[in-house]
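Engineer: After the structure tokens below, expect a handful of questions from me.
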Amino acid sequence: MAPLALVGVTLLLAAPPCSGAATPTPSLPPPPANDSDTSTGGCQGSYRCQPGVLLPVWEPDDPSLGDKAARAVVYFVAMVYMFLGVSIIADRFMAAIEVITSKEKEITITKANGETSVGTVRIWNETVSNLTLMALGSSAPEILLSVIEVCGHNFQAGELGPGTIVGSAAFNMFVVIAVCIYVIPAGESRKIKHLRVFFVTASWSIFAYVWLYLILAVFSPGVVQVWEALLTLVFFPVCVVFAWMADKRLLFYKYVYKRYRTDPRSGIIIGAEGDPPKSIELDGTFVGAEAPGELGGLGPGPAEARELDASRREVIQILKDLKQKHPDKDLEQLVGIANYYALLHQQKSRAFYRIQATRLMTGAGNVLRRHAADASRRAAPAEGAGEDEDDGASRIFFEPSLYHCLENCGSVLLSVTCQGGEGNSTFYVDYRTEDGSAKAGSDYEYSEGTLVFKPGETQKELRIGIIDDDIFEEDEHFFVRLLNLRVGDAQGMFEPDGGGRPKGRLVAPLLATVTILDDDHAGIFSFQDRLLHVSECMGTVDVRVVRSSGARGTVRLPYRTVDGTARGGGVHYEDACGELEFGDDETMKTLQVKIVDDEEYEKKDNFFIELGQPQWLKRGISALLLNQGDGDRKLTAEEEEARRIAEMGKPVLGENCRLEVIIEESYDFKNTVDKLIKKTNLALVIGTHSWREQFLEAITVSAGDEEEEEDGSREERLPSCFDYVMHFLTVFWKVLFACVPPTEYCHGWACFGVSILVIGLLTALIGDLASHFGCTVGLKDSVNAVVFVALGTSIPDTFASKVAALQDQCADASIGNVTGSNAVNVFLGLGVAWSVAAVYWAVQGRPFEVRTGTLAFSVTLFTVFAFVGIAVLLYRRRPHIGGELGGPRGPKLATTALFLGLWLLYILFASLEAYCHIRGF
């Protein structure tokens, strides 16, 4: 494209102008000394250079043809190298902007039931940041060039700054969008998500250039008055406020609900008043998307709460998808993959894509892939450091610490374990029994003694006698305690207690509990607790049913689940119904209920498990006695007494025969979601923390790999030849700009301030080089600005938009910001420069004069072509195309050719008017 424009400009320079002036030759330069001279009436470029803001004139000022060619090459190469420098410092500048706009605040959300949760949301509104700092970052060279040109030339209006702003707007509107349309893979399309915001920014973009024409050619032709300049500057915050109101659905949006649809015949978007919308395209919600209330969100509430809930849902969906792809990995292993996946697929800012494009072009590597590799390297030593350190001491404890026995068992055996240590010492540890509800002498035999662990021994057993009786009684328990550890050498001789590291110690559990179960009763059946909290990620929950106060005979115990707020049948849990059979002397059984894991961030549903009446099986004489009723034979007194005792011993339900199970969100899953939300802040990816990190990045060459893997598992490839070439071409700028303060300092503002000063310095050099290049080859500043300077400042944005179009699921980041930045360029770039100059000349009592013809013609031409471009983009939202970007091959190629053609026509007509081949205003 650039070569075509250069050929066109060369032909224009060779053709005779409409005014009939003689064509200049190298040996006889034209009389005007600078463009300000020719701007009043001349149609040819000047061959006589004037001092710039920073660069002096290259003497002698009347060189030969060969010297002119050499100078032109030097100026052009220097200008290109300066553009590379601006791109790299803009990388730092945009990183600072990303850190500033990514600043978060904590919010407390109160739900309907009174519970509160704390989360973090961004302070900066996305639309406001895109139109202010983001637009300033991407358009800083154009804006600063306009300001520096006016201030550096005695507050005289120039052609380079305004021409660059209009030319850059044309390049962004036509070439950048054409590239974005073409690079979308076949069969795919991208739509603008925030269409209301796009309408507002597009309208302001058109209005900005219409307003520019009005103040140049209608209100006060050839003069910019103070009120016109100041009003141009004031339009910038007004534009931001209108875009913010559209994004927040203020004004009439809050009073009227509209349902939008596309007419199948005409493709026109139709709105109708009605119920609250479930899916509105203008809201940025794709057709078929679930409403917030349907997603278990917070419903109506603050925008911050809905934003936080949406972030959580995105992370949860990512974890669900990764679990299906990698069922063999646990949650901790998925965190790293999920972090990379979330960073890769989340909607990114204009700053990120600008930084990504610059680093890929300059051999600095893929931002996300380098971040994932650095995170993996940091995690490896952290995992090793997390392992428990052994102090070398032996640990002595009960294993297990809970024991159950029937009262007719005679004795119970307890186990004591010696674990760890060097194994070359002898340990003496005392034990003794302690009463609980069971009493020594009546329920068990009191015991005390000493256990001796010789070198190499790891386990000892001690036996406690149990006393049996024929009295029906509740279950009872007593304790056995370990105490008084002494250490001996290998021969068993006691060692003095030194002040160094101990060779052994008693650790929990030091106390063993022994429960004596009565064997004179069939048992009381119940759950251990009335309430059981389970995590939804458990899969299957094991519920224990205990048999206390006896364990005689075989008992069958029915059970079933009952719905509460949780629903069975596979919704929240699987229904369970059956029977547990307790054998003789069996005191515990486990039933299982399967929990469905739907991975919700917050959850609290309940259901119940109920026990039925126990049935006594294989009861022997007791069965006969209990089954005998008022038959033909009356029971004897002995049989009546036996029946009464048997009736007392039959199985019954205990107090806890109904268990409430509360299904809650997984604590680990919730922590993982919160951790990922914090990690997916792009400011952590592109920001820097120290000068050391910046200098290491500056001297390191990495592979410029644009293709992303969803799990980041592909091995990092070696840099290509292009990566090495670009790295060595730009290593001077990289090392120089590594001196800029890291983005972590002062929350990014230190980097912001230093970067914009450096960009201003380089922009002043670019302006001088462009002017000297133009006067050397006889190219007017207006044409030079539209072709070369606008192209140089917009190349990084082109690559950034291309990456955004390929990686984002919507078109906002790639083309949605084009219209906003075009408006900001006029309101800030020309508003600031012209306000300063108009006020200066008003104080001097003179008007601020601006040449009307070329600039007014370019503005009008761009406005007409922009109307055509925006209309085509809106037409492409018809169903058969699918969106502003991509679509079927035929419409895609046709639209790309149309936009490129509009840009070439703009260059052609602007150049023809500048050289008087056609009449302007």
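Cβ coordinates are placed from backbone N, Cα and C, and glycine is handled just like the others.
Small disclaimer: the values here were computed from a predicted structure and weren't measured.
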Engineer: Swiss-Prot annotates one residue of N424, N817 as N-linked glycosylation site; which residue is it?
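Structural biologist: Going through N424, N817 one by one, Swiss-Prot annotates N817 as N-linked glycosylation site.
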Engineer: Looking at 148-167, 248-267, 268-287, 368-387, which one is region 'Putative calmodulin-binding region' according to Swiss-Prot?
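Structural biologist: Here Swiss-Prot associates region 'Putative calmodulin-binding region' with the stretch 248-267.
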Engineer: Among the residues N34, N125, which does Swiss-Prot list with the feature N-linked glycosylation site?
Structural biologist: N34
Engineer: Tell me if V546 and L885 end up on the same side of the membrane in Swiss-Prot.
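Structural biologist: Opposite sides, per Swiss-Prot.
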Engineer: Of D443, E476, D598, E665, which binding-site residues are close to D468 (Ca(2+) 2 binding site), meaning a Cα within 10 Å of its Cα?
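Structural biologist: Candidates kept after distance check: D443.
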Engineer: Quick one, of the binding-site residues E407, D443, D598, which Cβ has the fewest other Cβ within 10 Å?
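Structural biologist: Checked E407, D443, D598; of these binding-site residues, fewest Cβ neighbours within 10 Å: D598.
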Engineer: Checking your reading of the structure: which of the binding-site residues D443, E476, E536, D598 lie inside a 10 Å Cα sphere centred on D469 (Ca(2+) 2 binding site)?
Structural biologist: D443
Engineer: When you measure from the Cβ of D468 (Ca(2+) 2 binding site), how many other Cβ atoms are you left with inside 10 Å?
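Structural biologist: By my count, 13.
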Engineer: Can you tell me how the residues of the topological domain 'Extracellular' (153-164) break down into helix, strand and coil by DSSP?
Structural biologist: 5 helix, 0 strand, 7 coil
Engineer: With Cβ-Cβ distances below 8 Å as the criterion, list the same-chain residues six or more beyond the ends of the topological domain 'Cytoplasmic' (844-854) that contact it, or say none.
Structural biologist: 39-40, 155, 157, 159, 163, 216-217, 221-225, 229, 782, 834, 837-838, 910, 913-914, 920-921
Engineer: With a Cβ cut-off under 8 Å, give me the same-chain residues at least six positions beyond the ends of the topological domain 'Extracellular' (153-164) that come close to it.
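Structural biologist: Same-chain contacts beyond the ends: 35-36, 39, 53, 142, 145-147, 224, 767, 770-771, 780-786, 789-790, 793, 829-830, 833-834, 836-837, 840-841, 848-851, 854-855, 858.
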Engineer: Using Cβ atoms only, which residues of the same chain lie under 8 Å from E476 (Ca(2+) 4 binding site) while being at least 6 residues apart in sequence?
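Structural biologist: Within the chain, E476 (Ca(2+) 4 binding site) has Cβ neighbours under 8 Å at G436, S437, A438, D443, T515, I516.
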